[in-house]
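Have a look at the structure below before the remarks.
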Amino acid sequence: MTGDRKPPAINNAAPTQASRTKLNRRKFLARTGGALAAGAFGAVPLRGWAADPINIGALYPTTGSMAQIGTGCVAAAKLAVDMVNEAGGIKSLGGARLNLIVSDVQSDTTVTRTETDRLITGNKLSAIHGCYASALTLIASEVCERAHVPIITGSSSDQLNKGRSYTFTPFARASQFAKAQLQMAKLVSDQAKVAVIFENTAFGTSTSNGLKELAPGEGVEIVMFEPYSAGFTDASPLINKVKASGANTLFSLSYLNDLILIVRTVKQVGLDIAINGGSGGFVMPDFYKNVGKAAEGLQGVAHWNHDVNEDAQKVNAEFKKRTGEFAFEYAGGLVAQTFMLADALERAASADPKKVREALSTLDVSSGYAAMAPGGKVKFGPDGKNVYGRPVGVQWQNADLASIFPKEDARAPLIKT
Amino acid sequence: MWETLAQAVINGLLIGGIYALVSIGVTLIFGVVKIVNFAQGEFVMIGMYISFFLATQFGIDPLVSLVVSMPVLFLAGVLIQHFLIRRVLGPNDMPQIFLTFALSLLLLNLSLMLFSANYRTVHTSYSDEAWHIGGLYIPLAKLIAFAVAMALSGLLWVFLHTTDLGRAMRAASQNRDVAMLMGINPNRVFAVAFGTALALAGAAGSLLMPFYSAYPFVGQVFVLMAFVAVVMGTLGNVMGALVASLMMGIAESLGIQFVGADSGLIVVFGLLLLTLAFRPSGLGARRGR
């Protein structure tokens, strides 16, 4: 923090506008003393302020059990802000730059509540994005609702679209994921026989029930429907049952560790079955690192994939350069979200959060980084849901995720295993 | 039907070998030092991380890294016994319980901090391999783990029955006070017992690594089964713990196969209650005691 006040640091930040930056930085420091104090507790103002910067709050779990994903999200958020700023910032506000204020929600619901509160009261925010995990986003969005600050999120819980007017969800909802998974089962075989195994937790039970309800409508037969205790030591008995059921597709609603065991056991048994691992941890670079070659051919669903269009590929290349990994669904979606915010700020011509909310609610884009999503268009309905939002079916091919479903979004053919 | 049953028994037996390594450690410490080591699972976790890092940094096969994880944990056990456990051995049980429990929490949170909560997996050429015999299959990594676990248990049995130190440990386990009166040095015996128990936990960790993921909470999965096996096989009885572990592996597997995939533990605990109802001191208890 002290280093920031020394002239060399300022020159380093923006050599061409050194004198202007110096003045503004002083003003900025005076105005946001609270934010700097909060910095000691994890809220860190990042570089990128020029003329009256626009503060965007970012709530991600950068410590705790979801730390790795949260850190990836922050990397994507920084990338997005840099992209907007390098393109000239918000022109209707005199080229104002976006200033990202990151806050760590520690993978914990209680911390999320207090951090969201602190972020809002300690800073003059125009909007917030976060928090990766639906459980955390649900809480943050409640706080945002009360404080009248818009929040845009890639979290998929349908709950986020209920009774909220400051929450915007530009990507596919959880209910749509289930439908897409069932339709993908029909790619494997005309007579889709699906075995559903799910961990006996809230996540597993609710998702599997969704699948069960939708299956008849999609013409998919569920031949096995079995809960299991999460964190088992051996997947063999479960896979024995799957084998006996005669299914040709396996839906495994599991967290990473169980899923790795399941995939390995399927290979060991030599069972010829297509596996759909759903979303979440399954569509992360880490999954492939853990499972290795056995992951090849496995299918999943995502709300974003880096091959959806050329813009997404550009983002992916830059993200890869910065982090060494391909842009996972949430990271790429986050870049699109930042551009949606920039579009809203541009039209609102104001940094006032209420005006930004108004502008978001009338957002209608079909080109550029803001529209980089499956479906290629973003327009929010009254419930904050993107009316064009849809998931994309993906498959692990050559250590990378390829979009294979639906036809309009498919960028590679399905490899039958 | 018979094929499914046979497969379920094979699966259970193989995982039971790993449970055995953990539970033998717990029962050995209880038998000799007379304390319950709540941190045993965390030492399995440490064994896993040792193997993981040796595999990823130096390309050492997890099975080979057994020769590192076992001595390292043996030494850790001796030091923990000498500097921590020894100080709280007394008539009162409470400090011992708190000590090992605190050790468990400390190691768990330390590893969360150092290694994060991510799952770490090692890939070996045999990780996804299996032998197919008739309609049955035997996963290679688990078969190796089982064989090594049984060999180590056998070695321990030989050590306990043929060496002076081993006999001293058994004597201390049967009646500590009399053993002391016979001139057995308790500190030496306790240190070796604790070290051996931790070395077994380390071995379990290394053997698990080719087919299971390492993460900070991994020990908790195995230590629960270990405690059940220790009680079922009679506290302090090495052979009892071994047999009970294998039985529980099979019970769990049959439970998942025939009752429901979330009911493996129901069968295990049912079996425990049944055992205790008919043999309150466990399977390994001598009659008439």
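Glycine is no exception: its Cβ is also placed from the backbone N, Cα and C atoms.
In TrEMBL, annotation is done automatically, which means it is predicted and not curated.
Since we're looking at a predicted model, the values are computed, not measured.
Database features, via TrEMBL:
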TRANSMEM  B:12-36  transmembrane segment
TRANSMEM  B:43-60  transmembrane segment
TRANSMEM  B:66-85  transmembrane segment
TRANSMEM  B:97-117  transmembrane segment
TRANSMEM  B:137-160  transmembrane segment
TRANSMEM  B:189-215  transmembrane segment
TRANSMEM  B:221-246  transmembrane segment
TRANSMEM  B:258-278  transmembrane segment
Feature contact check the transmembrane segment (B:258-278) with the transmembrane segment (B:12-36), CB under 8 Å, 3 or more pairs: no
Check the transmembrane segment (B:221-246) against each of B:66-85, B:97-117, B:189-215, B:258-278 and return whichever range has the most CB pairs under 8 Å. B:258-278
Take a look at B:43-60, B:137-160, B:258-278 and tell me which one has the most Cβ pairs under 8 Å to the transmembrane segment (B:66-85). B:43-60
For the transmembrane segment (B:189-215), I need the partner stretch with the highest count of C-beta pairs below 8 angstroms, choosing only from B:43-60, B:97-117, B:137-160. B:43-60
